[in-house]
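*Asks:* Pulled these features from TrEMBL for this protein:
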DOMAIN    180-283  domain 'Ribophorin II C-terminal'
TRANSMEM  190-213  transmembrane segment
TRANSMEM  225-248  transmembrane segment
TRANSMEM  254-272  transmembrane segment
Amino acid sequence: MRFLSSLAVAGLSLGSALAASWGFEDATLTVSSKGAGVGSSGVKEKLTPNSPLTSYAVTLPAADTLKIVLTATEGKSGKRPHQAFLTLHDTATGLEESFPFSLKDSGKGKVEVTQKDLPYQLLTSKTPLKASLVLASFGSSTPYASHAFDLALELDTTAPPATPPASERYTSKPEIHHIFKAEPGSPLKIISFFFTLCVLATVPVLFGAWALLGANVDHLSKAFGAAPVSHGLFMGSVMAMEGVFFMYYTSWNLFQMLPVAAVVGTVAYVSGSRALTEVQDRRIAGER
């Protein structure tokens, strides 16, 4: 009885081990042109997990596409693995490149490869590339990784692959000399002089407009007598602001002008509000 029980346990363990292995089924390899069926190479083969295609090397012309369609399985049921790749390996240099399968949850998927997808080192290989299929996932299931076929590349003789640039090495580089843009200069003096005259020409127009509107200069003494500090600071701040702009135009930069303009502007705001309060009081009293 103990012998039969041990035999049953061993059989169940063997069955579980066989069931917990990744593989594939219904795998088809084709080489086809874009928008056509089987391409100029006439390749259409069935792939099996335990019998690689070793009778000949599959040829991939420059304008064709290698396509593999399969159903990934875990045990006997179709399932999507965490990793599924077609790996091309150059036995002469040891270099390889992997191409992931596009898979559904049922395990059905495909991968397509053209010569444009291959790096220069594989395109210039003198021997056929070893193509392997890799299927694996999390858990205790045994992954699948095995040689499936050999791939020979038929390059386009009229357009050889372009040689990639040399790899950048981490070495000392030439010294970088920063060339800053020259500071903006002032406009021509004749232009500045012309616009200055234009501004000065408006001053008589301004005084003439005040006279037409009935400006009363007789109240200057009253205004300065009632609020001399406010009116004096306000008029002085207006003239000081013009001086600030003049200095900014001739020699100051923005960082020199802004603090001074902030101080003068604050004085103009405070003194101007007090001066306008005094003017309002005279208007309320009927004086103009």
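Cβ from N, Cα, C; glycine included.
Since the structure is predicted, the reported quantities are computational estimates derived from the model, not experimental observations.
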*Asks:* Determine how many residues of the domain 'Ribophorin II C-terminal' (180-283) DSSP places in helix, in strand and in coil.
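*Replies:* Reading the DSSP string over the domain 'Ribophorin II C-terminal' (180-283) gives 87 helix, 0 strand, 17 coil.
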*Asks:* Excluding the flanking five residues on each side, which residues at least 6 beyond the ends of the transmembrane segment (225-248) place their CB within less than 8 Å of a CB in that stretch?
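*Replies:* Contacts of the transmembrane segment (225-248) (Cβ under 8 Å, skipping residues fewer than 6 from its ends): 254, 256-257, 260-261, 264-265, 267-268, 270-272, 274-275, 277-278, 281-282.
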